[in-house]
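Copied from TrEMBL, the annotated features are:
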- 30-110: domain 'GS beta-grasp' (DOMAIN)
- 117-378: domain 'GS catalytic' (DOMAIN)
Amino acid sequence: RAVAMSVSHSSRLNKLVREQYVRLPQDGLVQVTYVWIDGSGEGVRCKTRTLDKEPKSIEDVPEWNFDGSSTAQAEGSNSDMFLVPVRMFRDPFCLDPNKLVLCEVLKYNRKPAETNLRHTCKKVMDLVKDSHPWFGMEQEYTLLGINGHPYGWPDNGFPGPQGPYYCGVGADKVYGRDIVESHYKACLYAGVKICGTNAEVMPSQWEFQVGPCEGIEMGDHLWMARFILHRVCEDFGVVATLDPKPMTGNWNGAGCHTNYSTEEMRREGGLKHIEAAIEKLSKRHDYHICVYDPRGGRDNSRRLTGHHETSNIFEFSAGVANRGASIRIPRQVGQDGYGYFEDRRPAANCDPYAVTEAIMRTTVLNETGVETKDYGDH
């Protein structure tokens, strides 16, 4: 007897029928899908319009607006929000010449919306551009059936304990590889700087990596990779959750480990600059924990327990090749004496703009304490 999978109704529609329409010529007209972060700080929204010619750069994409009262970003009495295009990608769903465009959200008075964390991140990245900060972020996520239960897990009960699933192969070890490989290809097509993927420690948990990206590019590319993930999952009828601890108990949580270096860290003798940066981070642990998930550390407190390859949320630690530390220096970097380090604290549902901005404020701009400095419009 075939087991009924918990997938959405729309995923059961005949996708071959859709193919017939996707291939129809557009006579020079272009579909542009505007993507933005909603009032939750975690969700993405999108809507599409027609332009009369293919935009060649972000400057060719006009501003637009949307109803902020329907995305928890505005009151109904003053609900128009501005969508300001900031980065353009190819559209892997409607195909060339159509585009996906990531947007910043501004309020009626042209001030950034509360969940527009890109705005201050961009200011900080402009200030530190001479240090050429590179980032690579490792996005862990969990596939769920439409019923909210991890995809492929038994309906009543649990799979066998963790061990065989990490980078696993075989129908009894990995669930949902079709989704993962489709997402990878879609990101490559779009121009997202995706650089790898693997099955994670908990069954139905996966990871993809984006980078290296310089400055503001990191947040832009990770957010678009997330949008593409949710959109691919929609086609397959399942849900991708970025919850940092989707299953309580003896199961790994989900993080967004952030690899970071400046130009001087990547040069011969860079280890001393890496160690100096880690020293600065050690004195500002509470501030970083606060911005490493959307709820001021409350989400991460379920994950950073000191178990399941995590550090304890209340303590800062660093070590070479230590996956139980807040900061890990890769063994190769320790041997070479230069390279990068990994901040293992950010939660899977972190805002990459907030994370990368915080790292720059502490390690390059030498901020201390829990307050941040306002640098104005430089």
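Cβ atoms are placed via backbone N, Cα and C, with glycine included.
The helix, strand and coil residue counts that DSSP assigns across the domain 'GS beta-grasp' (30-110) are 9 helix, 39 strand, 33 coil. When averaged over the domain 'GS catalytic' (117-378), pLDDT in the model lands at 96.
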